[in-house]
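Structure record follows, encoded as structure tokens.
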Amino acid sequence: MHTRGDNVDERVVGGDHPVRRTRFVLLTAGTVALVAALLGTAAAPSFAASTSTSADAASSSTAAATASSALSASADAATAPPPLSAPSGTPTGSPQNHLTPSPGTPTSPPTGRPVRPTVADPGDITSATVRFSGTGTPGHTVRVTGPASTGSAGCPATVSNDGTWSCFAAVTSGPGQVFTVVDRSAPELGSAHTPAADVIVPPTVTTSRPTNGPVSGTGRPGSTVTLAVSGSSGDRSATVGRDGRWTVSLGGATAASGGDARLSVSATQTASTADGYRSDLRSAASAPVTITLDRTAPTAPRITSPGAGDRVGARAAAVSGTGEPRAVLTVYVDRAPVCRVDVPASGRWSCTTAGSTLAPGSRTISATQQDAAGNFSRSSAEVVVRVVSSTPTGAGPSGSGTPSVPGSGAGTGSGSGSGSASGMPGSGAGTGDAGGAGPTNGNGSGDGGSTTGSGSGPAAGGPSDPHGLDWSGPAGDWTASTAYDSTVPTIQAAFSWRTVLVATAVAAGFLVLIAGPLALVAGAARGRLRNPFAAVLGRNRPHAERRRGEDLFPTWASITVAVLVVGLCTVLGVGVSLEARYVRLAVAVLLGAAVLATTIVLSSRWAAGADRGTIGFRVSPWLVLAALVACGITRAFDLSPAVIVGAVLLPVGRPHADTAGLRLGATIAAGARSATWRSVALLVVAAVGWVLHSVTPGSGFWGSIVSEFAITLCVGGLGAVVTTMLPLAGSAGQSLLEESRGRYAAIAAVAVALAAAVYSGAAGTHVSPVVLVVAAGACVAAAVASHLWLRASQRDQASRSDQVA
């Protein structure tokens with residue numbers, strides 16, 4: 001019980017602790033206060049605007065009343081009769097006259113004081129034209145201007161009687177653009193600005209000529225362009241380059257068998273936040289553009305003049321024939337371009353070899369043409385002609401030619417003769433009748449028939465060096481195409497059901513008729529045949545006699561040797577001459593071979609994992625032999641695309657001080673894991689090369705060298721994988737086949753199918769199907785023979801065992 005004066009503890013009964021106030025009341029009060037503050041903040045501008053509007057209205061009303069009163073007073077003074085006119089300064093009429101004018105008096109339109117123009121927020125802009133609107137002083141002229149850095153054009157407008165204006169302006173892409181409106185009639189009123197707006201306009205499709213797949217255009221650098229094709233559900237995308245250009249390939253755009261069609265395309269582009277935009281903003285679609293998709297290669301041109309066996313001059317020889325109208329035709333002499341001409345609408349073309357000097361002797365003339373869509377034709381039928389240093393003539397009693405030194409001589413002959421030589425002018429003389437005929441040789445002397453005659457004359461011609469280097473004409477054209485980069489089809493051109501069927505059939509035939517029989521042959525020969533390269537590689541020496549590190553070159557040296565071997569075999573197989581375009585080709589091939597060799601090194605070390613230090617590399621003599629065979633076949637049968645083995649490098653065990661490290665490295669290098677990684681890596685590089693070739697325009701120096709580099713990756717990588725998939729002793733195919741037949745079949749089928757798709761294009765010279773059938777038959781025959789030989793060997797061994805027993 002508490003008493004007065006005691007320390008009273010006012011606590012809640014039931015607990016000696018402070019009372020906890022509920023949080024609901026506090027949260028509710030805080031929420032209400034916050035909402036009220038927000039509403040007040042939002043309403044403040046409207047309240048201020050209404051107050052300002054009321055004040056302006058009151059001021060305008062007062063001014064209007066004053067003006068009306070003055071006008072009414074003036075009118076009354078003007079219409080009142082003179083005797084009744086009030087004294088000067090005395091207002092006339094009743095007070096209502098200040099509000100209502102007299103009948104017949106014109107009413108002045110309401111006028112307000114000039115106001116500063118305003119412009120509405122256009123928001124994010126996704127079209128090339130935008131409508132701006134706002135308010136201003138009636139009758140005044142305003143102008144909207146955009147940022148000078150983007151080049152967005154402005155637009156002028158006249159403010160209407162209701163105080164509003166609008167205009168349409170062309171804009172360009174760019175983030176955070178602020179547009180400004182200015183009163184041109186009264187600049188002192190000031191200007192107004194829009195909030196920052198992101199602008200992305202539709203891209204432009206510039207392709208107008210027929211195309212075999214690529215469609216190009218312009219857009220904002222760094223944005224992503226998406227191309228929509230009529231009749232196709234899929235879109236195709238590309239990134240706009242720094243130069244503002246983009247290219248999209250129409251691979252599989254139509255279901256037509258040949259791929260030829262007229263298509264309507266439109267494009268959009270999407271800007272990224274990485275370019276300064278607040279969000280990924282996509283433009284509206286561009287205007288539809290109709291393009292012609294042409295994937296049909298033109299027919300081979302025809303050479304009508306000169307004919308086979310004709311003699312032509314070394315300089316300015318004329319070549320003519322027929323071709324496809326509006327195609328670009330190139331004439332070659334021994335595979336060297338000598339002239340280029342646009343085929344007219346009539347289809348008949350003609351060009352001369354002016355600017356090139358042809359070497360005397362037997363030469364081959366051919367021609368190819370490229371249509372407006374970029375498709376290359378096959379080479380025309382070759383015409384073999386004989387090039388002479390000067391055109392033969394049949395003039396009088398003198399010999400035509402240019403002897404190497406001045407000469408004179410006497411001989412018997414007719415009164416007319418002809419001959420040819422080279423060098424300086426000379427003369428010949430003889431006596432006799434003018435009835436026979438005889439030639440004059442190069443030193444000015446000649447002999448003829450039974451009668452004698454005389455004649456002299458200057459020789460025609462000039463000095464020439466048939467073995468000199470002349471890059472003044474087409475031979476010095478760095479942009480000229482070669483057969484190496486004109487016969488590999490693009491993915492767009494190769495994609496068809498026919499290609500799928502051919503690739504599938506070839507892959508199945510490889511597994512059944514080539515890989516299977518060779519596996520039987522390799523199994524029968526294992527342990528029974530000696531390696532023919534053992535003596536060359538030094539394997540006949542015991543390990544104790546070798547010095548450490550003697551077995552292998554450094555990795556960089558092995559890569560260098562492998563690249564040189566592949567490059568040499570490739571250019572020799574394709575066939576080259578000392579011209580600018582073949583120098584470019586050699587550089588591209590070496591770069592491609594270097595990438596393939598590096599792929600072998602990186603994939604082998606990746607497969608080795610932590611034991612990558614036990615792996616070394618050497619040039620495989622078997623792969624070098626395969627590269628030489630491919631070179632010979634390509635050269636002998638003039639195959640195009642060329643058959644290339646693009647990688648001759650193999651991983652091996654790196655020698656160490658102890659035997660365990662050497663055996664570990666050799667086991668890893670020869671294992672199925674390493675073979676799988678190498679094969680898959682080469683397939684990926686080959687596929688990337690084909691894609692790069694398909695999207696690269698094959699014109700100009702850089703386009704040609706990139707295309708040739710990509711073709712080396714594609715053809716060389718596929719050739720290396722298919723070669724190593726042959727299940728021979730020590731190959732990657734044998735390792736995979738022993739480890740997993742399913743994995744081997746999958747990798748081999750993909751490699752052979754891709755190779756069949758690449759080599760089955762419409763252009764080029766391909767291996768005859770008869771040769772493929774003969775090769776498959778030979779493999780099957782070898783498998784049967786090895787099986788019979790193995791059974792006979794087993795029977796002999798069993799009989800000898802029985803005799804011993």
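Just so you know, glycine gets a Cβ as well, placed from its N, Cα and C.
Per TrEMBL, the feature transmembrane segment maps to 24-44 (among others).
Taken from TrEMBL, the feature region 'Disordered' covers 74-154 (among others).
For 86-95 (among others), the entry in TrEMBL reads compositional bias 'Low complexity'.
Residues or ranges marked as compositional bias 'Pro residues' in TrEMBL: 103-112.
As annotated by TrEMBL, compositional bias 'Polar residues' applies to 126-135 (among others).
TrEMBL lists 202-223 (among others) with the feature region 'Disordered'. Panel annotation: around the region 'Disordered' (202-223), residues 126-128, 173-174, 239-251, 265-272, 274-275, 283-287, 289, 291-295, 371-375, 490, 492-493, 694-695, 697 of the same chain, lying at least six beyond its termini, place a Cβ under 8 Å from a Cβ of the stretch.
Here TrEMBL flags 204-223 (among others) as compositional bias 'Polar residues'.
Positions annotated as region 'Disordered' by TrEMBL: 355-378 (among others).
Same-chain residues lying 6 or more positions outside the compositional bias 'Polar residues' (363-372) and placing a CB less than 8 Å from one of its CB atoms are 209-210, 294, 297-298, 300-301, 303, 306, 319, 321, 323-324, 326-335, 343, 378-387, 486. Among the features that TrEMBL reports, compositional bias 'Polar residues' is placed at 363-372 (among others).
For 390-407 (among others), the entry in TrEMBL reads compositional bias 'Low complexity'.
Marked as region 'Disordered' by TrEMBL: 390-474 (among others).
Under the heading compositional bias 'Gly residues', TrEMBL lists 408-460.
Outside the transmembrane segment (495-521) by six or more residues, the chain places 251-252, 257-259, 725-728, 733-734, 737, 745, 748-750, 752-757, 760, 772, 775-776, 779-780, 782-783, 786-787 with a CB less than 8 A from a CB of the stretch. The transmembrane segment feature in TrEMBL is assigned to 495-521 (among others).
Sequence annotations record features per position, and here TrEMBL assigns transmembrane segment to 556-576 (among others).
Annotation comment: TrEMBL describes 582-602 (among others) as transmembrane segment. Residues 478, 482, 484-485, 555, 559, 562-564, 566-567, 570-571, 574, 576, 617, 646-647, 649-651, 678, 681-682, 685, 689, 701, 704-706, 708-713, 716-717, 720 of the same chain sit 6 or more residues outside the transmembrane segment (582-602) yet have a Cβ under 8 Å from a Cβ within it.
What TrEMBL records for 680-703 (among others) is transmembrane segment. Below 8 angstroms of C-beta separation, residues 213-214, 247, 249, 251, 374, 478-479, 481, 485-486, 488, 490-492, 584, 592, 595-596, 599-600, 602-603, 647, 709-718, 720-721, 747, 750-751, 754, 758 of the same chain, each at least six residues beyond the ends of the transmembrane segment (680-703), sit close to that stretch.
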Tertiary contacts of the transmembrane segment (744-764), as residues 6+ beyond its ends and Cβ separation under 8 Å: 297, 375-378, 483, 486-489, 493-494, 499, 502-504, 506-508, 510-511, 515, 639-641, 676, 679-680, 683, 686-687, 690, 714-715, 718-719, 721-722, 725, 727, 733, 736-737
Same-chain residues at least 6 beyond the ends of the transmembrane segment (709-732) whose Cβ lies under 8 Å from its Cβ atoms: 484-485, 488, 514-515, 518-519, 522, 525-526, 566, 570, 588-589, 591-593, 595-596, 599, 622-623, 626, 630, 641-648, 670, 674-675, 678-679, 682-683, 685-690, 692-693, 696, 744, 747-748, 751-752, 754-755, 758
Tertiary contacts of the compositional bias 'Polar residues' (126-135), as residues 6+ beyond its ends and Cβ separation under 8 Å: 115, 117-120, 142, 144, 155, 157, 159, 163-171, 179, 181, 192, 199-202, 281-284
Residue distribution over DSSP helix, strand and coil in the compositional bias 'Polar residues' (363-372): 0 helix, 8 strand, 2 coil
Secondary structure tally of the region 'Disordered' (202-223) (DSSP, helix then strand then coil): 0 helix, 8 strand, 14 coil
Within the compositional bias 'Polar residues' (126-135), residues counted as helix, strand or coil by DSSP: 0 helix, 7 strand, 3 coil
